[in-house]
Every structure is written in structure tokens, then in C-alpha cells.
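Undergrad: Could you have a look at this structure, given as C-alpha cells, before my questions?
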Amino acid sequence: MSDIIIDLSRDSKFDELGLKRLRESYMMREETSPQERFAYVCKQVGTDRDHSQRLYEYTSKHWLSLSTPILSFGKANHGLPISCYLSWIEDTKEGLIDTLSEVNQLSMLGGGVGVGVGIRTSDNKSTGVMSHLNTYDACSLAYKQDGVRRGSYAMYLNNNHPDVLQFIEMRKPTGDHNIRCLNLHHGLNISDEFMELIEKCDGGGNIDDTWNLIDPHTKKITTVGARDLWQRILETRMKTGEPYICFIDTCNKHMYDFQKKKGLTIKQSNLCVAPETMILTEDGQFPIKDLEGKIIKVWNGNEFSSVTVVKTGTEKELLEVELSNGCTLSCTPEHKFIIVKSYTEAKKQKTDDNAIANAERVDAQDLKPRMKLIKFDLPTLFGNSEHDIKYPYTHGFFCGDGTYTKYGKPQLSLYGDKKELLTYLDVRTMTGLEDASGRLNTWLPLDLAPKFDVPINSSLECRMEWLAGYLDADGCVFRNGTNESIQVSCIHLDFLKRIQLLLIGMGVTSKITKLHDEKITTMPDGKGGQKPYSCKPIWRLFISSSGLYHLSEQGFETRRLKWEPRQPQRNAERFVEVLKVNKTGRVDDTYCFTEPINHAGVFNGILTGQCSEIILPTDSTRTAVCCLSSLNLEYYDEWKDNDLFIKDVMEMLDNALTIFIEKAPPTISRAVNSAKKERSIGIGVLGFHSFLQQKNISFESDEAAKLNIDIFTKLRSKIDTFNLVLGSLRGSPEDAEGTGRRFCCTMAVAPTATSSIIMGNTSPSVEPFRANAYRQDTLSGSFLNKNRYLSRILSQRLNVKEINEVWSNIVSNGGSVQQLPNNLLSEQEKQVFKTAFEINQKWVIKHAADRQKYIDQSQSINLFLKPDIHKRELHSLHLNAWKSGLKTLYYLRSEKIADADKISSNHMINSINFTNIKESIKDSIKVSILEVRNKEKNYEEKICKLTNGRRLSGCFACE
């Protein structure tokens with residue numbers, strides 16, 4: 001193929017920033033002009049010399065914007081001309097390993113990768129979604145695109161997956177680091193069923209909004225509130241810009257029939273404890289096994305939070321963690337313990353409402369002796385009188401001092417000062433006389449609860465009476481100066497642990513230690529002599545002075561033991577420390593829940609952790625492949641009647657697919673398989689807003705809507721025509737066999753931020769400009785980017801110095817022109833040059849919905865919202881997007897308040913030299929400054945006092 005003829009004069013179509021970006025990111029060192037880069041690439045992807053020459057003409061005239069992989073093709077030895085891949089993680093060992101390997105390979109070849117996640121939640125065969133996503137998060141940094149920039153991975157999960165709440169928040173900078181994946185992008189596949197439920201709730205009334213979360217493997221169902229889930233999605237989008245939204249049923253509904261007939265579907269645009277573990281809930285403490293499948297409220301260290309308990313596995317290896325307060329927990333090696341590194345960190349906890357959520361988490365298998373667990377508050381449970389036992393004080397006393405006769409009847413022998421407690425005891429019968437040793441023998445009611453039963457979940461009154469009885473029987477008061485505590489000893493460790501749980505339900509922490517091991521002791525033999533006896537190990541339960549004070553605040557008192565409640569000056573409780581971790585060899589079923597706020601729950605009295613635009617079908621045998629490029633609508637009037645333009649672009653993309661199929665390494669066979677069977681391309685656009693501004697048409701107008709529909713109607717018609725032409729010349733792929741088509745799918749509106757800069761700062765994709773002037777940083781320095789059409793207007797009306805001063809004003813106002821005087825810009829022109837954040841986003845949705853019917857794949861639609869948007873409006877926009885038939889939503893861009901509303905008046909005044917601006921304009925700008933000052937004043941009156949000056953979307957105080 002002979003060389004392409006280039007036209008160096010076309011370098012003038014680039015601005016300085018576009019040239020810098022091309023040279024820094026795309027051009028080879030020996031290339032001195034962008035024309036050489038265009039010619040080289042067009043030669044690689046052209047069918048013959050004439051086709052290549054025409055492609056060069058299109059690109060050099062800025063009619064056609066080549067995708068990054070095509071534009072950089074040849075610069076990296078291993079790069080391939082494919083922009084996007086969609087993969088699917090099959091829930092098998094092979095699927096997990098193979099997909100990870102393939103995705104890393106695809107990233108290194110220069111493409112962005114979307115990954116559908118079909119992994120089950122945590123069980124004995126899977127550690128759940130988030131642990132795998134952590135691996136992908138690390139790989140996105142390790143395996144760079146073309147060895148230059150970090151990989152771009154977007155993970156997609158169905159909104160009925162049990163791990164959806166953790167998945168939604170994985171890009172939040174705070175919270176459990178084990179679920180943070182800040183280097184990944186993420187999207188949610190949202191079903192029609194869910195949106196229909198949200199729409200139903202939208203009408204108000206008492207609607208049952210129960211939403212089933214279904215494990216993709218076990219099909220086990222848990223539930224959440226649909227409204228709560230929807231609110232979490234929208235709030236997270238406001239805070240982080242993500243997750244992307246894919247209305248999955250809309251995507252599948254609009255697949256071509258020939259794809260549906262093949263059964264293809266679109267799937268994307270372990271912290272567990274043993275069954276007997278006691279969980280602190282709002283209703284009491286219960287074995288986690290008994291709570292399986294139930295929605296309950298658990299204590300997370302600060303408050304009660306709704307969760308669903310699930311069985312996470314069978315025959316899982318368990319470790320036993322022993323702690324200094326006598327508590328033990330049998331859990332999986334990965335179960336998270338919440339650790340405090342230092343006393344300094346512990347002090348910060350007192351003033352940090354998010355201390356638990358933000359604290360360090362350590363796997364059980366990685367715990368070391370003397371590691372300190374975080375302190376936490378305990379609630380006082382009022383309990384349930386249905387669980388009360390009869391004669392609570394008497395039963396408590398019986399547990400300490402009572403025995404059974406040989407006939408199995410409960411009895412007490414009172415001695416010393418305990419005889420004075422007779423009036424408090426429920427006695428069935430008694431001797432009336434003391435025996436030879438001075439004891440008073442009594443027999444208790446036959447319906448007394450069994451000895452060592454502890455009424456953990458009874459009413460608070462019942463628990464206090466029972467505890468008073470037990471401590472009066474076996475307890476002792478220890479005094480250290482004015483500091484008093486109560487200790488009680490017993491040979492039955494499990495019994496003391498149940499008392500420890502009872503105290504937890506009363507808001508009190510306690511400690512159990514071993515008083516002594518089993519030993520031989522010489523004791524009186526009852527016959528006047530002594531002899532050796534075998535003594536069992538003895539354990540001691542310790543209630544501190546702060547614990548006693550807390551009990552006294554609830555009305556607790558003992559009859560025999562005398563102590564004075566003293567309010568502690570500070571939380572002097574010692575930190576609970578790790579003693580050791582035992583590998584017991586135990587294998588058992590496991591259970592857990594996902595607590596959404598602190599990611600924590602109280603287990604056996606211990607607070608620990610708990611457990612877009614390319615829409616193509618994927619499965620275990622295929623990774624979808626799409627080759628992209630965009631048509632520049634800014635030059636639409638130049639190319640719309642060129643009969644070869646669309647055909648040449650489609651032929652070029654087909655050639656790029658062939659290059660991929662022939663040169664792809666065998667390690668990405670699923671992607672090659674998909675490319676062969678589908679041959680899907682994605683023709684998109686950029687420059688839509690520039691096209692409107694060029695014609696002085698407002699984005700928010702019926703005229704813009706008419707042009708939008710007209711453009712995409714004609715594009716769809718031409719693309720369909722040339723799809724059949726190329727099909728007749730080159731044949732149809734397997735999936736489209738019998739249709740005459742060359743490509744299964746042909747259109748996708750992708751984001752084009754970088755391409756827009758290269759194309760002379762045209763507007764990106766189909767979205768509005770974010771600002772009419774802004775600074776852009778590159779490797780070569782900082783550049784002031786100005787709207788070209790606005791610049792032309794200003795140059796016709798002002799001199800150079802005045803223009804510079806007006807640009808300063810625009811920059812100071814966040815790129816807006818709305819504050820400029822009407823004798824400089826008319827009201828119509830101000831409408832035309834509205835920025836993305838000033839445009840009513842209903843128009844963004846309308847234009848997207850109008851063109852969606854002509855686009856067989858999807859669009860990357862960004863929303864631009866003020867941070868103080870009412871949550872009702874936020875909800876309505878997203879609901880309307882679904883109802884309007886949009887397939888996907890991309891980023892939600894939220895303008896910073898500091899830039900949007902609170903503009904510094906002094907900075908504005910210093911930016912403008914009034915002496916050199918025409919008097920009429922000068923006076924008008926002064927007025928606009930006063931308006932901004934008033935705006936600032938009004939804003940300050942509305943500042944939320946609860947968020948340190950930040951307005952919080954969704955905050956009732958702010959609304």
C-alpha cells in the first residue's frame with residue numbers, strides 16, 4: 001500500500017491543549033505532526049490505499065474521532081484496537097481463576113473491561129463478592145493498559161444479590177477497608193421488578209416494599225426494604241458519582257430477536273461464626289442458627305441496625321479465639337476482629353462517631369496475643385416478660401447455694417447472715433429449727449426452674465431480681481479504697497458465661513478469669529480430721545465499680561451484699577485483649593449477616609466485624625468485544641450527505657475486529673470467540689452541545705430535541721443499510737446468520753472526554769459542556785480552555801483587554817455566563833451557553849430517551865446535579881430515566897458547593913479591571929457582583945449546622 005497524502009495545514013484545527021494531549025499520549029517520538037499519526041493509523045485499519053486515504057481525510061478534518069486503542073495502535077507493541085470488553089465471572093474454581101487472568105490480559109492490551117459478577121455470597125465454596133473484587137482492585141494497578149496507565153475495570157452486580165449493600169459502598173473512601181475497592185468502577189444491574197416496586201412506593205401509602213436478595217448459587221432468599229436500597233443507591237451516587245446504573249431488563253428486552261433465539265442475555269454494563277454463637281439483638285440474645293433467614297436488628301456498637309441472618313457455609317474450618325475477659329468465639333479464619341492499635345487511637349474514638357466503622361480489622365487467623373479490641377457501648381435491653389421465670393430472686397439464690405435432694409427436689413440450707421434473707425425467698429416448706437451446724441434447711445417450690453438456667457432474655461425486672469439472688473448467695477464485695485466491685489466464683493464456666501451474657505443485655509461488661517486449676521487440697525473430712533480432696537478448676541466473674549453504677553441506675557440492689565454506687569469519672573474499663581487463637585480442628589456450619597452501618601455485630605459478647613455504554617451478551621464461553629469510534633456532530637452539516645463516510649467508518653471498525661481476532665493471544669480465547677460470533681461495533685458521537693451552540697440553539701429547547709431525533713434517525717438508517725452491504729460482501733457472523741448483517745450490534749454512545757479535547761475542545765459525547773472556561777492540567781503545564789463559540793461572540797463585541805477581564809469573570813463564576821450583563825450577552829445566548837450544572841437534567845434524560853430507540857446498545861449518560869438537590873428530585877430523575885426507556889446511566893456529577901454557590905466576591909472584584917470596560921458593561925457587572933454577594937449571604941443562612949458548613953443532600957435540616 002502506497003503512502004497516504006497528508007495535509008499539514010490541518011494542524012491548525014487543533015488548539016494548544018489538543019496538540020499537547022496528542023503528543024503526550026498518542027504520537028510516537030519520530031512523529032512531528034498529528035497528520036503523521038492519523039496517516040499511520042488509517043493505513044493500519046484501512047482496507048486498501050483509497051479506503052485508508054479517505055479515513056485520513058475524515059480524521060484530519062475532525063469528522064471522525066478514533067478511539068484511544070485505535071489512535072494509539074502501533075505505539076505499543078502488544079496493543080490491540082479494541083476499546084471495551086465485557087466478561088463474566090462464572091462461579092466455579094476454573095471460572096474465578098480464568099476470568100481474573102483474562103481480564104488482566106485484556107487490560108494490558110489496552111481495553112477497558114466490564115465484568116459481570118455472578119459469585120455466590122460467602123459460603124464454604126466462595127468467600128463472596130467483595131473478596132474477589134479486592135483482588136481485581138489490586139490487579140487494576142498491577143496490570144496497566146499498554147504498560148502505561150492503570151487498568152480500567154468496571155464490576156457489575158445484580159441488585160438482588162445478597163452482597164449488594166457492600167457492593168454499593170465499595171468506592172466510599174471511609175468504612176471497612178476490606179470492602180473498599182477505590183481503583184474499580186462499579187455498576188448495578190437493576191431489574192424492572194425492582195423499579196416497578198419503587199414506582200409503586202412512589203405513590204405513597206403503606207406499601208410492602210420487601211425486596212428479595214437471592215444467592216445466585218444456593219437460591220437462598222434474604223430480604224431488604226426496596227426503598228432503603230434505592231435510597232442507598234442514590235445517596236452513594238451523589239457522594240461518589242457511582243454506581244453506574246444498568247436497567248438490565250430494558251437491555252435484554254431490546255436485544256435483537258436473532259440473539260434472543262440463541263438464549264443470549266446481558267449480564268453487566270466471609271466472615272462467619274459457629275451455629276451456637278449468641279447474637280445481641282433488639283429482642284435479646286439468641287443462637288445465630290435459630291435466626292437464620294430472619295430480619296432482625298443487631299447491635300453494631302452504636303445502635304441497632306436491620307440485618308438478615310444467613311447460613312454462609314457447611315463443613316467450614318473454625319478457629320477458637322480466647323479473650324482476656326473470658327469470652328471465646330468460634331469463627332472462620334477470615335472473621336474480622338476490630339482492633340485498637342494504641343491508646344492515642346482509643347482517645348480519638350471518644351469523639352469519632354465513625355470510630356467503629358473506620359477502625360482496623362484483623363482476620364482471626366492473624367490475631368496476635370495482647371492485641372486490644374475496640375471499646376464499645378452496650379444497650380440496656382428491656383427484654384420480654386414472656387421469658388420470665390418464676391421466683392427469680394429465689395432461683396438466682398438457688399443457683400448459688402442450692403442443691404437437689406435424692407428425690408430431685410430443690411432445697412436450700414441457710415447459714416450465717418444468709419438466714420436473714422428468708423423473707424425474700426419463696427420457700428415451700430422448712431424445718432423451723434436450725435440443725436446441729438446452725439443451718440436452716442428449706443425446701444423450694446417444685447416448679448422452680450432447673451439449677452443453672454439463666455434468664456438471659458427475660459424482662460429487665462426479672463433479670464435484676466435473679467442477679468441479686470445469685471450475688472447474695474455466692475458474691476463478695478471487694479474494696480480498693482472507695483472503689484468497690486463484686487466477684488463471684490464457680491466451678492461451672494459455661495454457667496458464668498451465661499451470666500456474662502445476661503449482664504451484656506443489661507448494658508454491663510464483665511470479666512471471667514480462672515481462679516485456680518484443678519488441684520488436690522487438704523480439707524476437713526467432717527469427722528474432726530482432714531484429708532486430701534480433688535478440687536475442680538474454679539472460675540471467677542468480676543463486675544467492676546462502673547458496672548455496678550450502671551446497674552444501680554436501673555434500680556438494681558442486693559439484699560445481703562452492701563455496696564455504694566459511685567459514678568466513674570471516666571471509662572476506666574480495661575481493654576479486652578487477645579489471649580490466643582486455637583486451631584481446634586472443628587468443622588461446622590457457619591452463619592453471619594451484613595450490617596450496613598458499622599459492618600459489625602456483637603457475637604458472644606464480642607464486637608467483631610461481619611460477614612454501562614457497551615451492552616452485549618456474555619456467558620462462560622464468551623467475553624464480549626466492542627470496537628468503538630465516534631462521529632463529530634460539530635461537523636454534521638459537512639458529512640451528513642457524504643454517502644461513503646458511514647460505510648467507510650463501519651468497514652474500518654470491521655477491519656479492526658479482524659486484526660483483533662488474528663493477533664489476540666490464546667489466553668483471551670473467550671474474547672476471540674465472542675468477536676467471531678458477534679462482530680459488534682459501537683459507532684457513537686461527540687460534539688452535540690457544540691453543534692447546538694454553533695446554531696445558537698439552547699440545549700433546553702424543542703428545537704434541540706428535533707435536531708437530536710433527526711440526527712439519530714438518519715444515522716440509524718444509514719448504519720442499517722451499510723450493515724447489510726458489508727454483510728453481502730463479507731458475510732454474517734454466527735450469531736447473525738441468516739440476517740444478512742455483518743455486525744450484530746452497531747451503535748453505542750461512549751464517553752469521549754479525551755477525544756473531545758483532541759478534536760479542538762468540542763463538547764464531549766452527547767453531554768453539555770461543564771464550563772465555558774476552565775483550567776486543564778497536562779504533563780506540559782496548565783491551560784485555560786475556552787468555549788470557541790462564546791469566544792467568537794466576545795471577540796466581536798470587546799477589545800482584547802476587555803475580553804480577558806470577562807474571561808476572568810467567567811472563570812471566577814465556575815465557567816458560567818449567567819452573571820454577565822444583558823448588553824454583552826442576550827438572554828437567548830445565555831440560554832445557549834448554560835453549563836451542564838445549570839441545565840435542567842430532565843432535558844438530558846429527554847434527549848437520551850429520544851435517541852435511545854435508534855441506538856441498539858446504550859449511551860454513557862452523565863447527570864450533573866447541584867449538591868443541595870432535593871432527594872425527591874433526585875429520585876424522580878432516576879425513575880424517569882427508567883420509565884423513559886434508558887438502558888444505562890453513567891456518572892452522577894455533583895458540583896462542589898464551594899464552586900457552585902459560595903463564590904468569593906473579593907476574588908471577583910480583583911479579577912476585573914473596571915476602568916477598561918465600557919461603562920454600560922461595567923455597571924451591569926457591578927450589579928451582578930451584588931447579586932452574587934446576596935446569593936452568598938442567602939446561602940450562608942441555609943448552611944447545615946450539623947455538617948461543619950457543608951450542605952448535605954438528604955439532610956432534613958437542610959431541607
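Cβ atoms here come from the backbone N, Cα and C positions, even for glycine.
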Undergrad: Do you know which of GLY46, GLY112, GLY727 Swiss-Prot groups with THR68, SER83, CYS84, PRO751, THR752, ALA753, THR754, SER755 in the substrate site?
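TA: For the substrate site that includes THR68, SER83, CYS84, PRO751, THR752, ALA753, THR754, SER755, Swiss-Prot also lists GLY112.
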Undergrad: Given the recorded positions CYS84, CYS626, ALA753, which one's Cβ is surrounded by the fewest other Cβ atoms within 10 Å?
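TA: Minimum Cβ neighbour count within 10 Å, taken over the recorded positions CYS84, CYS626, ALA753, occurs at ALA753.
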Undergrad: Is it possible to get the count of other C-beta atoms within 10 angstroms of the C-beta of PRO751 (substrate binding site)?
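TA: Taking all protein chains shown, PRO751 (substrate binding site) has 23 Cβ neighbours within 10 Å.
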Undergrad: Long-range same-chain neighbours of SER755 (substrate binding site), Cβ under 8 Å, sequence gap at least 6?
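TA: When sequence neighbours closer than 6 are ignored, SER755 (substrate binding site) has SER65, LEU66, SER67, THR68, SER630, LEU686, PRO764 within Cβ distance under 8 Å.
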Undergrad: For THR68 (substrate binding site), what is the tally of other C-beta atoms lying within 10 angstroms of its C-beta?
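TA: Result for THR68 (substrate binding site): 24 neighbouring Cβ atoms inside 10 Å.
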Undergrad: Looking only at the domain 'DOD-type homing endonuclease' (378-508), what is the model's average confidence as pLDDT?
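TA: Averaging the confidence scores along the domain 'DOD-type homing endonuclease' (378-508) gives 95.
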Undergrad: Can you tell me how far the Cα of ALA753 (substrate binding site) sits from the Cα of CYS626 (disulfide bond), in Å?
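TA: Between the Cα atoms of ALA753 (substrate binding site) and CYS626 (disulfide bond), the distance comes to 19 Å.
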Undergrad: When DSSP is mapped onto helix/strand/coil, what comes out for SER755 (substrate binding site)?
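TA: In three-state terms, SER755 (substrate binding site) counts as helix.
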Undergrad: Would you mind pulling the longest C-alpha to C-alpha span across THR68, SER83, CYS84, GLY112, PRO751, THR752, ALA753, THR754, SER755, which the record has binding substrate, in angstrom?
TA: 16
Undergrad: Helix, strand, coil: count each for the residues of the domain 'DOD-type homing endonuclease' (378-508), based on DSSP.
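TA: Split by secondary structure, the domain 'DOD-type homing endonuclease' (378-508) comes out as 49 helix, 31 strand, 51 coil.
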Undergrad: Using the Cβ center of THR68, SER83, CYS84, GLY112, PRO751, THR752, ALA753, THR754, SER755 as the substrate site position, which other residues in that chain lie within 8 Å, going by their Cβ?
TA: SER67, LEU628, ALA750
